[in-house]
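Written below as structure tokens is the structure these notes are about.
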Amino acid sequence: MSDSDPKPTAAKGAAPTSIPNSTRNPNPTPPNPNPNPNPISTPAPTPTATPSPPIASSSNNGNNSTRSTNIDTNNNTNNAFFQAQQRIAARREAREAAAAARQATQQSASRLRARIAASQSPLLRRLGTSTLSLWDTLTSREGTRPAFRVGQVDAELLDEELVELLRGQVREALRYVGGGGGGGGGGGGGGVGSGVAQDWEAEISLALRAVLFKLTVWDHDATYGAALQNLKYTDARRDGPALAPPSRWQKALYGLVTVGGRYLWAKWEDWLLEQDDGFEGPSPRVKRLARWTSALSTLHASAALVSFLVFLLHGRYRTLLDRLLRMRLAPPTSQVSREVSFEYLNRQLVWHAFTEFLLFVLPLVGINRWRRWLARTWRRTKKIMTADADGGAGDKKGEYSFLPERTCAICYRDQNSASSETELLAAASGGVVGSAQTDITNPYEAIPCGCTYCFVCLATRIEREEGEGWPCLRCGELIKECKPWNGDVLEEPQVKSSPATTKTVVFADDVKAPSDHEEEENEEEEEQQGELGENEGESSQVLVEADPDGGLNDLRPETPSVSSDQADDSRGSESEDYEAEEDGLDEDPES
């Protein structure tokens, strides 16, 4: 090749040829840090002739690993960036679609508004415009943006609770004033709210509401409940950057309706109730007034419901009166952040969960058994300490060992619960007299001590211990069983004293007509009975004491009545026996 031939290389000063991006390597290989100085490729020497040094080999391996790590890192970064770009593009497309849909909706709404505006009816135009405005408000992203609806409702509830609290305190203060109760009390008698508090209940409510209105709304443009919620009454008729307080006539009308209006309405309803006494029906005029009153109450309730629903939507006027007077509750400053503390709520939830846990666990644990075990351990420890102090001597005695046998110790403890050991010792030293309330009923004997209790008392205590034993109140033994009492009631025999006066038995016929001969026989018979009583020491006959003053007229026969013939025969035989005895007595002194 001659020197004049053009060379394939680029001319001096010419621009370098640009390589397209598609042909470029996205991951260019870094230059070799140890380039071969000889560009001519030569065969590799054999290991035996020229062995490679080990240091150079490790350096090449480290470079290769670093190169592969860099390549992986670059690939991961490129993939993450590509995914982020895809997400951004998807969001942009969704936003554009939503904007297009919103624009289409606005166009349709504008066409609907144009049709409504072109309508010839003013009522239809007004209703259509209001409906479309309400729909736009509900479907917009901002919504109605109410000013603390919950806070306004809570403020009203707090105000009512405050009035009820003050009314209850006034009732308690006037509870014992004018206890007679008056005629208009309605028969309350003696309880809370009777007397003056019940007769003047409407006036008391009027005074309380008037005082609260003066100290809250009239002076500070906010009730106590609204102040706790950081709210104040404002005049909604005035537009401006700053909130304007309500005017004096607005507050005056508000107080006149809330205080005086409630009082007058309550008195009006009471008067209507008084006209119906229950015996005779009310007059036609009163019936007509009652119907009008009921209709007015229904109308007011319906209007209040509609107003409250609108309040839930917009959050401007809490009550119907606020809407009529154009007074609304609003925070005084917009810079104050509404901070809600959940400390009380969290504490309440924790205690509620803890109580539920205890109610679930205690029946499984058996708290009564543990309590009985601790009480038994304490009694044993106390008994051991007492025995050591006394030197280990003495019999087993319970805390009610001083009671008589006929007294149930369980009934006595239930009715005379002693608060200390000193009272028990005083009762033991002073003596206890049983009563019908503490006497044993249906006696049962405890096993093994044998102490006697009422069946119901003893069986209840044993069953309550669930087989672990119940300590006897008389001796301290552990009782697990009981049985019916096998004892008897013993009565001491009463010794009859000898009669101090003379007694005799007569028949009814003899009492009616006594003769002289019979009187002599009776005297002789009395003498003989007196001698026999002195010799034998007791009489074997049933005698009736004779009345020395009244004779035998007051006597009553104790023998069965007999006929007159039997009476004559018996009287004759008795007279013969007496004569024989007299003859024998007369012959004895002579012999």
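Backbone N, Cα and C atoms are what each Cβ position is placed from, and that goes for glycine too.
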Same-side flag (membrane), ASP235 vs CYS449, source Swiss-Prot: no
Per Swiss-Prot, the range holding transmembrane segment, considering 95-121, 149-175: 149-175
Where Swiss-Prot places transmembrane segment among the ranges 247-273, 409-435: 247-273
Binding-site residues (CYS408, CYS411, CYS454, CYS457), the one with most neighbouring Cβ atoms at 10 Å: CYS408
Secondary structure composition of the topological domain 'Peroxisomal matrix' (223-246) [DSSP: H/G/I, E/B, coil]: 5 helix, 4 strand, 15 coil
Zn(2+) 1 site, defined by CYS408, CYS411, CYS454, CYS457: further same-chain residues with Cβ within 8 Å of the Cβ centre: ALA409, ILE410, TYR412, THR438, ILE440, THR441, TYR453, VAL456, LEU458
Best-contacting stretch, by C-beta pairs under 8 Å, relative to the transmembrane segment (197-222) and drawn from 149-175, 247-273, 342-365: 247-273
Secondary structure of CYS411 (Zn(2+) 1 binding site) (DSSP, helix/strand/coil): helix
Model confidence over the topological domain 'Cytoplasmic' (366-591) (mean pLDDT, whole number): 65
